[in-house]
């Protein structure tokens with residue numbers, strides 16, 4: 001069974017790890033978190049009192065802690081915690097209801113403690129709302145360490161850049177040949193990637209130049225002064241028939257001779273009616289030629305006269321006999 005007097009004789013007179021002595025004022029203080037006043041004496045000691053109550057604050061919430069002799073055999077459940085409301089008057093009423101049959105000294109000290117805690121919580125809220133400058137300690141050792149690291153990093157960067165420039169110059173002069181020796185692989189890869197990128201850009205530019213030249217040549221061919229015109233022989237002979245219809249009819253013999261002559265001309269001119277070979281122009285040129293109206297050429301009528309000797313049929317039949 002727990003005895004408060006025995007505990008106080010051991011803790012108060014011999015040794016206590018929570019006790020703090022102040023030689024100037026000849027006073028002793030207690031560092032225990034559950035101490036009600038912070039003074040080291042038998043009445044305020046949380047270890048030497050089996051029935052004890054105190055008020056504590058955690059993360060802006062105020063709690064009432066109580067300890068009774070019935071839970072002394074359970075150290076994990078020794079203290080009972082009850083949250084108090086934010087309203088100060090309601091919190092005081094709750095303390096009175098929870099500590100109904102407790103000593104008046106302990107009830108009074110709990111009320112004083114909740115008053116002090118409420119005051120500093122209000123002050124903390126006001127400080128957060130105000131735009132007061134925040135004081136931050138300067139860590140000189142950390143600053144010096146970071147400065148040294150930055151200087152080392154800058155020196156290393158300058159060295160790497162110098163190595164890259166030297167490698168590029170040597171690669172341009174082909175001092176290493178195809179395979180470099182004693183060179184960092186990362187730097188070598190970066191240089192190769194850069195050269196590949198340049199080669200790709202040059203190839204793309206060359207392709208673009210070739211395409212531009214082809215387009216220019218096509219435009220020159222299209223807009224050149226020379227023009228290709230289809231054969232107008234068909235249109236000429238078609239016009240002759242129109243002229244024959246308009247003129248008055250002549251003698252039958254002349255008409256027959258004209259018909260024979262026109263047939264012979266048609267036979268002779270038939271090979272000329274072949275289509276010309278297709279040119280290498282684009283589609284736009286072919287469309288323009290189809291849309292253009294054909295030029296009308298002056299038509300001339302030509303007549304051929306042939307002289308033939310008339311022979312009697314009787315004279316021709318004699319030698320056959």
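Using N, Cα and C of the backbone, Cβ positions are placed for all residues, glycine too.
Feature annotations, courtesy of TrEMBL:
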DOMAIN    6-120  domain 'Ribosomal eL28/Mak16'
REGION    201-321  region 'Disordered'
COMPBIAS  204-235  compositional bias 'Acidic residues'
COMPBIAS  242-268  compositional bias 'Acidic residues'
COMPBIAS  272-284  compositional bias 'Basic residues'
COMPBIAS  312-321  compositional bias 'Basic and acidic residues'
Looking only at the domain 'Ribosomal eL28/Mak16' (6-120), mean pLDDT returns 91
DSSP-derived helix, strand and coil totals, residue by residue, for the domain 'Ribosomal eL28/Mak16' (6-120)
43 helix, 28 strand, 44 coil
